[in-house]
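S.K.: Please read through the structure below; I'll follow up with questions.
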Protein chains: 4
Amino acid sequence: MSKKIAILTGGGDCPGLNAVIRAVVKSSLRNGWQVYGVLQGFSGLLDPENKVIEMNEEHVRGILHIGGTILGTTNRANPFEYVEDGEKKDVSSRVKDNFAKLGLDALICIGGDGTLSIANQFSQMGLPVIGIPKTIDNDLASTVITFGFDTAVNNATDALDKLHSTAESHERVIVVELMGRYAGWITLNAGVSGGADVILIPEIPFNMEYVCQKIESRYNKGRKFAIVAVAEGAKPKGASELFSKGKGEEGRQEVVLGGIGEWVANEIRQRTKRDTRTLTLGHLQRGGTPTTFDRLLSTRFGAAAVRMVKDGQFGIMVALAPPNVVAVPLEEAIKNSKQVPHDSDVVLSARQIGISFGD
Amino acid sequence: MSKKIAILTGGGDCPGLNAVIRAVVKSSLRNGWQVYGVLQGFSGLLDPENKVIEMNEEHVRGILHIGGTILGTTNRANPFEYVEDGEKKDVSSRVKDNFAKLGLDALICIGGDGTLSIANQFSQMGLPVIGIPKTIDNDLASTVITFGFDTAVNNATDALDKLHSTAESHERVIVVELMGRYAGWITLNAGVSGGADVILIPEIPFNMEYVCQKIESRYNKGRKFAIVAVAEGAKPKGASELFSKGKGEEGRQEVVLGGIGEWVANEIRQRTKRDTRTLTLGHLQRGGTPTTFDRLLSTRFGAAAVRMVKDGQFGIMVALAPPNVVAVPLEEAIKNSKQVPHDSDVVLSARQIGISFGD
Amino acid sequence: MSKKIAILTGGGDCPGLNAVIRAVVKSSLRNGWQVYGVLQGFSGLLDPENKVIEMNEEHVRGILHIGGTILGTTNRANPFEYVEDGEKKDVSSRVKDNFAKLGLDALICIGGDGTLSIANQFSQMGLPVIGIPKTIDNDLASTVITFGFDTAVNNATDALDKLHSTAESHERVIVVELMGRYAGWITLNAGVSGGADVILIPEIPFNMEYVCQKIESRYNKGRKFAIVAVAEGAKPKGASELFSKGKGEEGRQEVVLGGIGEWVANEIRQRTKRDTRTLTLGHLQRGGTPTTFDRLLSTRFGAAAVRMVKDGQFGIMVALAPPNVVAVPLEEAIKNSKQVPHDSDVVLSARQIGISFGD
Amino acid sequence: MSKKIAILTGGGDCPGLNAVIRAVVKSSLRNGWQVYGVLQGFSGLLDPENKVIEMNEEHVRGILHIGGTILGTTNRANPFEYVEDGEKKDVSSRVKDNFAKLGLDALICIGGDGTLSIANQFSQMGLPVIGIPKTIDNDLASTVITFGFDTAVNNATDALDKLHSTAESHERVIVVELMGRYAGWITLNAGVSGGADVILIPEIPFNMEYVCQKIESRYNKGRKFAIVAVAEGAKPKGASELFSKGKGEEGRQEVVLGGIGEWVANEIRQRTKRDTRTLTLGHLQRGGTPTTFDRLLSTRFGAAAVRMVKDGQFGIMVALAPPNVVAVPLEEAIKNSKQVPHDSDVVLSARQIGISFGD
């Protein structure tokens with residue numbers, strides 16, 4: 001039976017977005033369906049004439065490995081709290097009406113926390129919604145992994161690789177601030193894969209004394225350099241909100257000024273008198289060509305969403321439960337975040353090979 | 001309590017070997033243990049004076065991202081069927097004796113089918129053995145994934161990416177033969193991630209007619225090129241042993257001559273009259289720097305093995321059961337291979353986006 | 001003064017083609033000119049209604065780093081010897097007429113030997129033609145370097161890097177056949193950069209005895225592996241046409257069958273009894289994202305061509321004479337090919353560090 | 001005739017250093033010479049017992065593609081102004097004496113401005129010195145290009161590539177500060193290759209008004225993002241020393257705090273009200289695996305230096321004059337720096353395709 005479905009993306013850039021869109025479009029067309037792309041997230045559904053376009057094979061040709069999203073700029077507008085004429089309004093019914101007018105049978109929403117929460121609200125209003133999780137931080141409990149994360153870890157590891165020779169040649173401590181405000185997955189994985197000496201993550205409050213001890217012990221052994229990987233949300237033991245103010249969009253901090261990386265570097269410099277530099281990777285982590293893994297996962301997520309539309313499964317989110325992609329209730333999925341457990345075997349392994357968490 | 005442990009690798013090259021060795025050495029040293037590297041697989045234990053060396057931090061410095069293995073050349077010698085003076089002998093007791101003479105408390109064996117089967121035999125003879133799986137083909141049922149596989153898929157995808165523009169510019173069909181004699185994982189994953197149009201794997205016997213139909217349908221739509229990814233063990237429906245003879249070491253075929261890739265290319269050329277070329281990736285898939293994922297997994301496997309030595313767990317193999325690394329009985333692990341299930345969601349997803357399996 | 005110019009590409013795929021096209025289109029549009037893309041090389045000018053399209057900024061957006069060519073498939077048709085209705089005809093006057101009908105002021109031709117020779121013939125017939133050299137082999141004397149070459153060398157070096165660990169781990173000789181039928185530049189540069197032990201190029205006929213001596217001397221020193229880089233046009237001393245027959249399009253040989261790489265590998269295997277494997281890189285060398293260097297050179301070539309149109313300089317080819325891009329007479333440029341001189345300092349340097357040329 | 005030569009490196013990290021050292025060592029050994037590595041630059045010659053080591057093939061195995069330098073940490077100590085016991089002294093005669101005691105026939109010095117100036121002073125004192133230029137900024141007039149530069153441009157371009165999709169998805173202006181205090185080569189080349197919209201270099205003082213005009217014109221055309229590449233030494237028109245104070249080692253500024261990138265971003269943010277972010281690449285540019293080009297150039301430089309020792313040519317520096325590596329007088333070489341000429345065809349080409357230099 002022919003269907004009409006729409007796809008939208010919300011929130012920040014994430015490697016693999018185009019691969020998801022490609023899979024949704026190709027799978028839908030092969031089912032004989034019509035598929036529409038919604039530009040600029042949910043706000044596109046407030047202006048369907050200009051921002052909802054029918055998609056064909058041509059739109060998704062050659063985009064499997066291209067970063068960004070062909071659905072134009074991401075957008076965080078929330079129809080339940082929409083700012084119009086200087087006021088916040090609930091315009092969700094307009095979205096619902098337009099959905100009906102367009103004759104749509106399903107709405108596939110690719111997004112993070114924010115976007116999926118909105119998707120869930122629409123689901124509860126009766127819209128046939130399917131969510132595809134997009135969180136580069138991999139902080140969602142309902143899925144083993146999300147697309148974009150492998151690319152981010154890869155980009156961060158690549159940076160750590162590059163910094164090694166320079167740190168060694170110049171006898172320096174280099175502190176690299178990586179993404180991860182609430183969850184340290186990127187920093188943990190990249191830190192281990194990139195040979196960091198110290199890894200500081202939000203889940204394990206650190207003590208500068210132990211951080212400096214680790215660095216000194218290296219210098220004393222004749223290894224006169226060190227690499228410190230710090231998640232943007234890492235905090236010294238006892239600190240409360242010291243480092244979390246003044247952050248940008250969704251709390252993502254992309255400017256070094258006053259960031260935890262710089263703070264840690266300053267402390268190391270003062271305490272050890274070692275030549276210490278800092279670097280904030282910021283946007284470099286989330287850009288570029290998605291890795292092979294992310295292209296595959298994105299394709300699987302997109303195709304699975306279309307299978308679920310076919311099966312009439314709504315109000316759910318696709319998730320990876322190896323070796324399968326499964327459906328989990330959207331309501332539940334958005335509630336459970338995933339932090340690095342202190343007894344995670346990655347943490348244990350890191351400690352075993354001598355990496356310090358500053359605790 | 002101080003321990004003396006040894007580590008050996010057997011079988012072919014696999015990206016991540018050095019990262020495993022590094023993790024074992026670093027973890028052991030931090031436990032205050034002595035750790036020995038055995039050169040040239042099990043045969044090194046027949047000549048401990050020359051081929052068993054004590055390892056320290058210096059040996060594993062800077063090797064996290066280096067391909068190959070610092071334990072020298074791989075070796076497939078089997079002490080239970082050892083060729084000496086032109087005869088096959090069982091020299092396993094000499095291995096056992098040397099193990100005792102060296103005062104070893106544990107032997108960590110990194111290897112595939114062959115090596116782990118030997119390890120299991122020694123385990124049954126009473127040696128305290130731990131296996132770390134090494135199969136670039138990812139064909140082991142007891143672990144969700146093995147190290148080296150992600151790098152191989154990545155290398156294969158990179159090749160498919162490169163071939164795309166040339167196939168398109170020259171209006172050609174390009175057939176790429178990838179690794180995978182019994183299991184099609186590399187070809188399946190790389191095929192999806194690299195945008196192949198046809199994927200042929202051992203698990204799904206193919207029909208040249210359907211392969212050519214897919215190609216023709218592309219040309220008819222104006223897409224005048226096609227990429228066909230063929231696993232070395234793929235077979236046309238009904239073929240028995242047609243393509244499996246004359247292969248090299250462990251059945252791995254690295255020369256195009258008479259390979260399935262060339263056979264498929266010839267068939268396409270004759271049936272469709274399209275300009276068709278073939279390429280065998282061979283060694284290019286298993287070489288080079290391990291990916292971030294493989295560095296991490298290798299480190300986790302190595303560290304987990306040392307934890308198991310500490311816990312006195314032997315006769316087991318480390319395995320990934322996300323999010324944990326666990327121990328599975330070696331005896332069982334070597335028995336269960338893993339092929340691509342026909343209803344795997346990767347296969348389903350591939351079909352949904354229009355990829356043909358020739359069936 | 002406003003102008004109308006056209007651009008076409010001929011011959012095989014070459015990384016950087018899109019960057020040249022982008023530079024020509026952007027530069028022309030900023031001059032207030034109209035710019036037309038001709039599809040399928042010179043044959044596009046025989047069918048201007050379907051194959052000559054006006055180009056705008058949208059056409060060249062996001063293509064700087066994309067391989068292939070947006071001007072569709074390459075094409076080697078020669079209007080001076082055009083095959084129509086089963087006969088070879090000279091249809092060059094039709095091209096000239098169409099050029100006039102389109103009201104074109106200039107034709108920029110990107111191509112190799114073949115395409116530039118045709119371009120030169122049209123130039124002599126009075127068409128305002130500018131050539132941009134495209135030879136991945138870098139075998140043109142009039143320019144220090146051509147775009148695509150750096151990417152090809154890079155891809156070849158990357159392959160040599162990957163083969164190293166496997167050759168070493170498996171104690172093997174690996175023979176890699178690289179591009180270069182008449183000129184050994186790719187093989188020479190990649191061989192040195194990728195750490196090959198033996199480099200065989202068309203310019204230096206080799207002797208298998210010396211090749212094998214080099215390999216044996218490595219094994220005797222305990223370095224039990226070797227990498228041999230062979231250009232497809234390399235020949236043993238005294239051989240005449242032994243290896244040059246049966247090659248494909250423009251003499252490019254992409255199938256290993258009967259190639260020089262396989263021949264060399266067989267000889268090594270028989271003479272040294274060493275485990276020897278062979279691999280033909282083929283299309284992998286000319287595909288993929290252009291390197292930074294090639295993107296820059298391509299952009300410079302494209303922009304320079306537009307400057308020359310503005311200056312009314314025709315019958316010329318753009319060329320790199322560091323630090324400048326200059327114009328050289330097309331007539332001359334197509335005559336002078338460039339081979340590796342025996343006393344090139346690259347050859348000398350390679351010999352100094354112990355690389356054998358088999359002579 | 002057998003010789004004894006020494007090699008030292010001074011100054012900062014530079015991709016290709018190991019490839020130079022490898023070429024010098026291999027070439028010397030094949031000449032039957034002895035070759036010594038001096039640790040920690042010129043200061044190593046003050047302590048020959050601990051810091052001058054004889055080198056063999058083993059030392060340089062597998063380092064062709066490894067970043068950093070096996071000669072240990074770089075060092076900027078100047079024997080003519082050596083700080084000892086809290087005083088500056090001229091200890092050059094001790095260097096000369098040790099050189100004699102070691103029985104050395106030549107000293108090959110790899111370094112930048114500082115190191116080569118010292119080398120020149122020793123040359124004038126009669127030491128047989130050969131210089132190999134090492135300046136990642138490529139600001140030396142006597143050689144067309146220096147090793148490390150291609151890798152730096154490549155790393156910078158890679159970063160620009162990654163930032164594109166994010167800038168576009170988030171509708172942002174991203175300002176990237178790149179290396180280049182006195183010369184804008186890295187920023188110019190990476191800017192063109194990486195598709196920057198604005199390039200600001202020391203050679204062309206900029207006007208923020210024009211910079212913002214360029215950005216606004218993009219947004220007005222519907223391209224709602226922009227990439228601005230700024231060299232660390234770029235200055236607004238009329239500014240004198242505003243941005244050059246407080247810089248680190250050799251004036252290299254690696255911390256964003258108060259850097260020109262941040263200043264430019266602030267100005268753009270205030271003037272255009274566009275969401276603007278900044279990023280300083282810093283050490284990421286000079287680290288990592290050298291590109292193919294740099295490995296080749298480094299090998300040629302190292303081998304050429306050994307040829308010059310053989311020929312008894314001293315007081316010279318190796319330099320690239322395509323297609324040859326030549327010797328230029330050291331005295332002269334260190335005097336002539338190379339900045340981007342305003343009429344360089346790279347600048348012209350960049351302007352033609354619409355890149356603004358803010359002038």
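Placement of Cβ uses the backbone N, Cα and C atoms for every residue, glycine included.
Note that TrEMBL annotation is computational and uncurated.
What TrEMBL records for D:ASP137 is active site, proton acceptor. If you look up TrEMBL, you'll see D:ASP113 marked as Mg(2+) binding site. Annotation source TrEMBL lists substrate binding site at D:THR135, D:ILE136, D:ASP137, D:ARG172, D:MET179, D:GLY180, D:ARG181, D:GLU232, D:ARG277, D:HIS283, D:LEU284, D:GLN285, D:ARG286. Annotation comment: TrEMBL describes D:4-308 as domain 'Phosphofructokinase'.
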S.K.: D:MET179 (substrate binding site) to the residue listed as 'Mg(2+) binding site': how many Å between their Cα atoms?
M.R.: 16
S.K.: Whole-number Å only: compute the distance from the Cα of D:THR135 (substrate binding site) to the Cα of D:ASP113 (Mg(2+) binding site).
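M.R.: Roughly 8 Å, rounded to the nearest whole number.
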S.K.: Which of the recorded positions D:ASP113, D:ASP137, D:ARG181, D:LEU284, D:ARG286 have a Cβ less than 8 Å from any Cβ in chain B?
M.R.: none
S.K.: Are there recorded positions in D:ASP113, D:ASP137, D:ARG181, D:ARG277, D:LEU284, D:ARG286 whose CB lies under 8 Å from a CB of chain A, and which ones?
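M.R.: Out of D:ASP113, D:ASP137, D:ARG181, D:ARG277, D:LEU284, D:ARG286, D:ARG277, D:LEU284, D:ARG286 lie under 8 Å of chain A.
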S.K.: Around the Cβ of D:ARG277 (substrate binding site), how many other Cβ atoms lie within 10 Å? Please give the count over every shown protein chain.
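M.R.: I count 20 other Cβ atoms within 10 Å of it.
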S.K.: Cα-Cα separation of D:ARG277 (substrate binding site) and the residue listed as 'Mg(2+) binding site', in Å?
M.R.: 34
S.K.: If you draw a 10 Å sphere on the Cβ of D:ARG181 (substrate binding site), how many other Cβ atoms land inside?
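M.R.: For D:ARG181 (substrate binding site), the count of other Cβ atoms within 10 Å is 19.
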S.K.: Between D:ARG286 (substrate binding site) and D:ASP113 (Mg(2+) binding site), how far is it from one CA atom to the other, in Å?
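M.R.: It is 17 Å, counting Cα to Cα.
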S.K.: Just checking, which of D:MET179, D:LEU284 (binding-site residues) has the fewest C-beta atoms within 10 Å of its C-beta?
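M.R.: Fewest other Cβ atoms within 10 Å, among the binding-site residues D:MET179, D:LEU284, is found for D:LEU284.
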S.K.: If you run the three-state DSSP split on D:ARG181 (substrate binding site), which class comes out?
M.R.: coil
S.K.: Tell me which of the recorded positions D:ASP137, D:ARG181, D:LEU284 ends up closest to the residue listed as 'Mg(2+) binding site' in space, Cα to Cα.
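M.R.: Of all the candidates listed, D:ASP137 is nearest in space.
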S.K.: Mean pLDDT for the domain 'Phosphofructokinase' (D:4-308), as a whole number?
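M.R.: The average pLDDT of the model in the domain 'Phosphofructokinase' (D:4-308) works out to 91.
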S.K.: Just how many other Cβ atoms lie inside 10 Å of the Cβ on the residue listed as 'Mg(2+) binding site'?
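M.R.: For the residue listed as 'Mg(2+) binding site', the 10 Å Cβ neighbour count is 17.
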S.K.: Counting only residues 6+ away in sequence within the same chain, which have a CB under 8 Å from the CB of D:ASP137 (active site, proton acceptor)?
M.R.: D:PHE149, D:MET179, D:GLY180, D:ARG181, D:TYR182, D:ALA183, D:TRP185, D:ILE186
S.K.: Over the residue list D:THR135, D:ILE136, D:ASP137, D:ARG172, D:MET179, D:GLY180, D:ARG181, D:GLU232, D:ARG277, D:HIS283, D:LEU284, D:GLN285, D:ARG286, recorded for substrate, what is the maximum interresidue Cα distance in Å?
M.R.: 33
S.K.: How would DSSP class D:ARG277 (substrate binding site) in three states?
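M.R.: Reduced to three states, the DSSP call for D:ARG277 (substrate binding site) is strand.
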